[in-house]
């Protein structure tokens, strides 16, 4: 699935990634069924797999480390979200493990510019070649949006968390919408070339209004695996973007 990214420039990769409106939180499923999940997602041409890497220090939860990135099939786009105390070391390990997209927490590192600049020089393998590492910045619900201003030129993905990581407390829908509006206002004419992502316990009925506001992608885990209906739920969630945005380049198998 990721062969279409081989040899593309950073700008072309971002444009292509923007046509995939869903990143599947693969760790939310039953690990014993991982092979079945991956087969279903491949059949749906759903390349983006989202992995939350937590170390129990940035937030009170442990998940997996960079080793998990390497274990996933090479055919997928591995979308890694770092929620760790040492983002620099973790970012290096994730690139070595084959992560295609790496999102840092704005609150997690005073040396964000250094890490993002380094990531901007890295490439990772895809089927048939290589692609540049796509860089993201993520913000907790209470983090002021203007902290991203100094690094806007160093990121392609801006991710707003709708939950407090490791705690599960959610933003009210009205507050989330206001935050999206504030982000769009902040970006202004720098909106082009940025993928805006919402991550955190969204329900399907929240999607239409968020899509109408102009977001590009959502990250979903538990909701997609609900009732052991990953394929059906993935189709349904992707269809929401098709109806609302008429995304021309959305994969046809949905």
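Residue numbering: from 1, along the chain as shown.
Yeah, the Cβs are placed from backbone N, Cα and C, and that goes for glycine too.
Here is what Swiss-Prot records for this protein:
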ACT_SITE  52  active site, proton acceptor
ACT_SITE  199  active site, proton donor
BINDING   50, 52, 81, 199  divalent metal cation binding site
BINDING   81, 166, 167, 168, 169, 199, 200, 201, 221, 222  substrate binding site
TRANSMEM  14-34  transmembrane segment
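Around the Cβ of the residue listed as 'active site, proton donor', a 10 Å sphere holds 23 further Cβ atoms from the protein chains shown. Taking only the Cα positions, the spacing between residue 199 (active site, proton donor) and residue 169 (substrate binding site) is 13 angstrom. Look at residue 169 (substrate binding site): DSSP puts it in coil.
Around residue 169 (substrate binding site), the C-beta neighbours below 8 angstroms that are at least 6 residues distant in the chain are 163.
Within 8 Å of the Cβ centroid of the divalent metal cation site, not counting the listed residues 50, 52, 81, 199, the chain contributes 23, 25, 51, 79, 80, 103, 138, 159, 219, 221.
Closest to residue 167 (substrate binding site) in space, going by CA atoms and restricting to the recorded positions 50, 52, 81, is 52.
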